[in-house]
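Colleague: This is the structure I want to talk about, given as structure tokens.
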Amino acid sequence: MSDLQRSFAKAKLAGLPFDPPMPSTDLPDEDEHAEEADYLKPLPDPTQDDDSSSASSASSASSTGTIRPSPSKHLFARPKGYPSLKKSLDPLPWNDYFSQECYWANHRPTESITHHVYFVPPIGKAPLLVMHHGAGSSGLSFALFSLEIRKALPNCGLLSVDARGHGETTVSSLEASPNDGDPDLSLEVLSQDLAEVVGLAKTEMGWVEMPDIVLIGHSLGGAVVADLAVSGRLGKSVLGYAVLDVVEGSAMDALQSMQQYLATRPKTFPSLHSAIEWHTRTRTVRSTMSARISVPSLMRRVPASSNANDDHDETWTWRTELSKTEQYWSNWFNGLSSKFLSANGGKLLILAGTDRLDKELMIGQMQGKYQLQVFPEAGHFVQEDCAEKTAIAVADFVKRNDRAALVLPPKVGQMAEKANGLK
């Protein structure tokens, strides 16, 4: 090599960097997007292992910057808490929705009753929402509703009762019962029970004065709260009342086929899961979540075998035999529309369809005597099927009638004095 060639080569080498560049470990943009797309796609079936997939995997493994995760790392496993595609039918506990479960004793001259209630005390001067369920149901039919309404009214109190003959409320008669031991479920007695439960809440909490009260009743419970409101037993503490999916006309018509409907229901279930499944499959309760809370409280366990050591041989049946309450049906709903329209306080009617309105309520609606909300997507148990919508409607109703939040406009004289003071 000539001296000229050596000089030229030295000059070229001197211009090169001292260390060669290391290969980049960052994925190109296109590879990043491709890997994101692969992550979002459904995972391939591990049982499929054809030649094309094997060749693709081998090619991918040999590519620079590609990482093959070990199957033992479970990188594609769903995180805990991810909702299962298959809905669970496991019962849910009451304490996810109420803070207290109470048994309040109430002694009368002819009977002793222990009221079973679910309770959340009000905070400060917030109102107390008193809830009464329908026939054959329980206080837990308002569980999901209670969870939702506390999002809108976090300080409000909640009192959801089990009526006599329902849930875990028990009655011990001190005299011979005219109903062969069955509880008296007449409207007058149920209304008195609800008033006394509110009084027991005042005693248990040590309230000097009763908080503002909003009565809420579903079906039979609607008839109970309307009767209690019109009776005036709770005085001026009642801000208003809400009746859920019951009106006199349609209720009286439905009673004609009630026994036929009850005859089609299963008498027993092999498990609580089976009872929950029946309620959701027949769309009696359209919310699986609510059914998991409320349905177990409707059932009682009946051992199907005399073998006490056999835990698996059992059945579940209804706590309340509705067919035995037929003597009270017309008593429950007769005069309901008139009571609803005439009692003092704000009035809210929530229905699953406008076809349920009878003539008296249609006239009252045109006269603006009450607020009407319709949820056509709901079944009869509107507070369970549409818990969030029902809670929003009730929360707006409470705010509209809340005396603590009511701000009156200044009087004309006060406005004139203020104006003169500014001059």
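Each Cβ is built from the backbone N, Cα and C atoms, and glycine gets one as well.
Note that TrEMBL annotation is computational and uncurated.
Quick paste of what TrEMBL says about this protein:
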type     : residues : note
ACT_SITE : Ser219   : active site
ACT_SITE : Asp245   : active site
ACT_SITE : His380   : active site
COMPBIAS : 27-37    : compositional bias 'Acidic residues'
COMPBIAS : 53-63    : compositional bias 'Low complexity'
DOMAIN   : 129-391  : domain 'AB hydrolase-1'
REGION   : 1-79     : region 'Disordered'
Colleague: Within 10 Å of the Cβ of Ser219 (active site), how many other Cβ atoms can you find? Include all protein chains, please.
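Modeller: Total other Cβ atoms inside 10 Å, all chains included: 24.
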Colleague: Using all protein chains in view, find how many other C-beta atoms are within 10 Å of the C-beta of His380 (active site).
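Modeller: That number is 19.
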Colleague: In sequence order, which same-chain residues at least six apart have a C-beta under 8 angstroms from Asp245 (active site)?
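Modeller: Listed in sequence order, they are His218, Ser219, Gly222, Ile350, Leu351, Ala352, Arg356, Ala378, His380, Phe381, Val382.
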